[in-house]
Structure formats: structure tokens, C-alpha cells
Amino acid sequence: MTSLVSLENVSVSFGQRRVLSDVSLELKPGKILTLLGPNGAGKSTLVRVVLGLVTPDEGVIKRNGKLRIGYVPQKLYLDTTLPLTVNRFLRLRPGTHKEDILPALKRVQAGHLINAPMQKLSGGETQRVLLARALLNRPQLLVLDEPTQGVDVNGQVALYDLIDQLRRELDCGVLMVSHDLHLVMAKTDEVLCLNHHICCSGTPEVVSLHPEFISMFGPRGAEQLGIYRHHHNHRHDLQGRIVLRRGNDRS
């Protein structure tokens, strides 16, 4: 399968500070890669490398031709005094045709929000509008920077269901950054744990049959949510230095 984007041993430094060290990954059509890591681990920098906004000091980046990327940012800052409807917000995107706006909103089950004020949207509604905006250029790759931040569990389940539906319909790759170190989208194909370098990688644990999980999140939540168990052979001290463990640590 041809990669949309591949990174090979990519490193990035800002001044004397090494932010990313020897990071490698592949983003493929129809596949979801979830990136986990603590605050300050370099996740946002890695996203900017994938988007082409940061040039690495070392390593190789390969992109598939004229790759179309749809990006959903971590946060949206709007002037609360500025009257701005969803329709107007989406039309601000360069190259957008007004006849494409409602179909994009309907695709993310948000057609009813077209005339709603942006400032009045809930966290989940805002994420759907941003996702609709990302779909306007018919992306081959969706980059979602913490799409479930500020969204309750039911909203997370609905968003994960929608993301899975979109990747199947569009056959697009998905890079998703998560602020939760353990709870991830169950249908993720690969999970990478980042702390300036790749600490570990794997797949989510199937938990849909666990009675405790079903009772906590319901049948639909158990289907869409998964647990990622880390398997590190090291830890990071307070200065960020790597300290090797005697045996693999799972958490």
C-alpha cells in the first residue's frame, strides 16, 4: 500500500532543545494512526512536520504527489463580539463554493447548524463544523489535533463513529492526536506513544466484551472506545533524559 506521508528518522530542534528525535511513521489510505503523549512531548511539532509547516533538521519526509490534507486544529479562537454564523465561517476558507457548504455539514450530521452562531456551539458541535471545513477540499489525509478535547464521553463516541465512517467513505488516511494516554478510538489501526521519541507502538486492546466497560460506557461506547496498554523499556527523568528499565513496563 502506497504511503500518503512517511517520516524516516526525523529529528527537530529549536535552538539547543531537541523536540523530536529519530521519529518514523507511515500514514496510509484508509488507515487510522493515533498519536499519544504527555504535554510537551512534541505531538504538535510532529503534526506541523506532517503538515509541512516545520522542516526537520534530520531525516527524510516523503509525500504522495499533490497530497490534499484536511486539518482540524486543537482549538478555535474566535472574537466573541464578532457575529459569525457557521455558514459564514465556512465560506471564509479560501476556494470554498457556497453550494458545497451544506453537503459538507450534512456529511458530519451538522446540517441543522448552518445558520447557528459559531460562539453558541457546544464542544462537539464545534468539532463537527471544523471537520466539515476539513472535508471541503476532499482530503486524502485527515489530521485531527485532539478532536475530542472538551467533548464528553457520549460526544467522543459519536465523533469516533463519524471518523470511522468518513475514512471508509473517502478511503482517506487519518492522523489523530489524543490527549488521553490510555483511552483511544477502538478502530485505530496503530497507536504511537511519543515523548520526543517513539516510546512504544501497538494496537488498542479489545474491550467491547468486558462487562465493566460496557456498564461504564454502554454498548455503543464499548464498541468505539479502546484501551491502549503502554509497553515501555525506559522512563524519562525530570530533565527528560531516558532511563532504561530492567524489564518491560506495562501500564
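Numbers run from 1 along the shown chain.
Keep in mind that glycine also has a Cβ here, set from the backbone N, Cα and C atoms.
These features come from Swiss-Prot:
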{"type": "BINDING", "residues": "Gly37, Pro38, Asn39, Gly40, Ala41, Gly42, Lys43, Ser44", "note": "ATP binding site"}
{"type": "DOMAIN", "residues": "5-220", "note": "domain 'ABC transporter'"}
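Same-chain residues that are not part of Gly37, Pro38, Asn39, Gly40, Ala41, Gly42, Lys43, Ser44 yet have a Cβ within 8 Å of the Cβ center of the ATP site turn out to be Leu194, Asn195. Other Cβ atoms within 10 Å of the Cβ of Gly42 (ATP binding site) number 22 in total over all chains. Reduced to three states, the DSSP call for Lys43 (ATP binding site) is helix. Taking all protein chains in view, 23 other C-beta atoms sit within 10 angstroms of the C-beta of Lys43 (ATP binding site). For the binding-site residues Gly37, Pro38, Ser44, counting C-beta atoms within 10 A of each C-beta gives the highest total at Gly37.
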